[in-house]
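Taking it in order: structure first as structure tokens, then the write-up.
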């Protein structure tokens with residue numbers, strides 16, 4: 001075992017002495033050393049419940065014959081970080097988490113890892129570390145929050161009843177009292193936000209790829225099932241160490257394709273494009289951006305999930321969960337291995353009944369194409385991403401007049417002051433991985449568009465990204481970004497922009513000669529942040545079309 005490096009032989013007397021100083025008895029020195037990477041924090045609801053799950057994981061590890069060691073990782077909530085300087089740090093924490101897991105596992109020669117995670121960037125960061133290390137690992141996602149409940153059976157959700165409600169209040173659609181009712185009921189307890197936002201989408205894809213146990217991706221944070229999954233995961237990691245089953249044997253090209261298909265079938269978060277590209281990069285799997293669009297054209301959307309639809313994670317769980325989605329997808333799902341022994345098709349076959357009011361059959365889809373589309377054009381030569389499951393039929397094709405803003409704050413101010421009108425295309429730039437830095441989520445302006453009733457008359461494009469809670473005609477991940485001299489930085493107020501999602505095109509209707517003249521006079525703006533971690537990050541992060549990963553160069 002890897003841990004023999006620090007536990008065996010007289011040369012390791014100092015190492016054993018330190019371990020004994022931590023309370024490890026001699027009898028445990030020949031047991032598998034299992035690291036439990038926990039992102040517990042009492043700052044955010046998605047991670048508050050992890051102390052309980054830690055206990056059950058530890059019990060499982062010891063029952064399985066291993067010895068558990070806890071170490072901590074940061075957990076950032078995109079909702080709390082939204083709309084201010086804090087959002088610059090969200091995506092970069094994905095890289096920090098991957099590096100921290102790698103550092104602890106290698107420094108202390110851990111034999112295997114249980115990765116306890118939940119919210120947006122923590123899960124992909126841990127999966128990146130698992131693929132990079134390629135030692136036995138299992139993921140436990142802490143589970144989604146229940147929907148909020150109100151009178152007359154009303155269900156509340158975080159994005160619809162906070163960010164969008166804020167704009168409805170500003171527009172005079174709801175009263176201050178109604179806004180407070182939303183605030184009090186939107187988040188009723190622990191767990192990741194209730195809809196198919198980034199955290200829950202990543203939990204589902206982790207299960208789809210076979211890196212977590214069945215139903216881990218959908219079991220509610222408050223459920224006893226989640227505790228049992230935590231215990232079983234602790235037991236399982238010891239078995240994985242004994243059999244040397246490692247992530248790269250699970251994270252194959254076919255497993256990534258299955259994850260993309262499930263993502264498309266559910267209409268998941270556009271952030272998953274960034275994260276799957278980054279995880280595949282660590283796993284040594286070639287996964288071009290175009291793969292998402294190729295699969296989208298042949299994978300129907302089978303569920304209508306919040307925020308764009310009516311169903312919540314609690315509905316998906318009882319309807320059949322991830323295995324139920326794979327069952328409905330049939331032969332579109334490839335038969336891949338999971339870390340718990342069963343193949344994906346065996347899991348799908350194990351589901352006896354699927355609630356087809358939630359997860360529809362292929363013969364009766366919500367939409368003929370999957371939830372994510374990749375666009376190209378002279379604004380996005382290397383690609384852009386749209387969550388087409390959240391776009392109304394009316395806005396699938398649109399032409400409008402550009403209103404340009406060099407930051408999210410400037411765009412948000414214009415929206416709240418009523419300066420954006422029907423027929424506009426809001427352009428938010430210098431918010432990419434380098435230019436932001438950190439590729440901030442534009443949830444506040446996109447939610448404002450919907451709350452102000454502009455979702456069917458105004459489009460938004462950006463080199464930043466969007467929350468999993470975003471809906472509406474919002475195109476992000478535009479590559480190359482403005483800070484790298486991308487064409488989005490050449491757009492001027494009054495230019496006409498054409499959006500054609502069915503044709504996968506995003507075009508600036510300006511003569512090429514005019515664009516070349518603008519490019520000749522373009523000057524890169526100074527960095528927005530010139531010191532600290534983000535300044536270093538901006539120098540080494542790649543473009544969105546490659547997953548916004550950091551490089552050694």
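Count begins at 1; order follows the chain as displayed.
Cβ from N, Cα, C; glycine included.
Marked as active site, proton acceptor by Swiss-Prot on the basis of sequence analysis: 467. Secondary structure from DSSP puts residue 467 (active site, proton acceptor) in coil.
Secondary structure at residue 120 (Mg(2+) binding site), taken from DSSP and collapsed to helix, strand or coil, is coil. Summarising the annotation, Swiss-Prot assigns Mg(2+) binding site to 78, 120, 121, 441 and lists sequence analysis as the type of evidence.
Its Cβ taken as reference, residue 193 ([2Fe-2S] cluster binding site) is surrounded by 32 other Cβ atoms within 10 Å in the chains shown. For 119, 193, the entry in Swiss-Prot reads [2Fe-2S] cluster binding site.
Positions annotated as N6-carboxylysine by Swiss-Prot: 121. Of all the Cβ atoms in the protein chains shown, 31 others lie within 10 Å of the Cβ of residue 121 (Mg(2+) binding site).
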Additional residues around Mg(2+), ordered along the sequence, whose Cβ is within 8 Å of the centroid of 78, 120, 121, 441: 76, 77, 81, 87, 90, 91, 119, 198, 199, 271, 467
Chain-internal residues near residue 441 (Mg(2+) binding site), provided their CB is under 8 angstroms and they sit 6+ positions away: 78, 82, 87, 90, 271, 464, 465, 466, 467, 470
Neighbour-count leader, CB within 10 A, binding-site residues: 78, 120: 120
Alpha-carbon distance [residue 120 (Mg(2+) binding site); residue 193 ([2Fe-2S] cluster binding site)] in Å: 10
Three-state secondary structure, which DSSP defines for residue 193 ([2Fe-2S] cluster binding site): coil
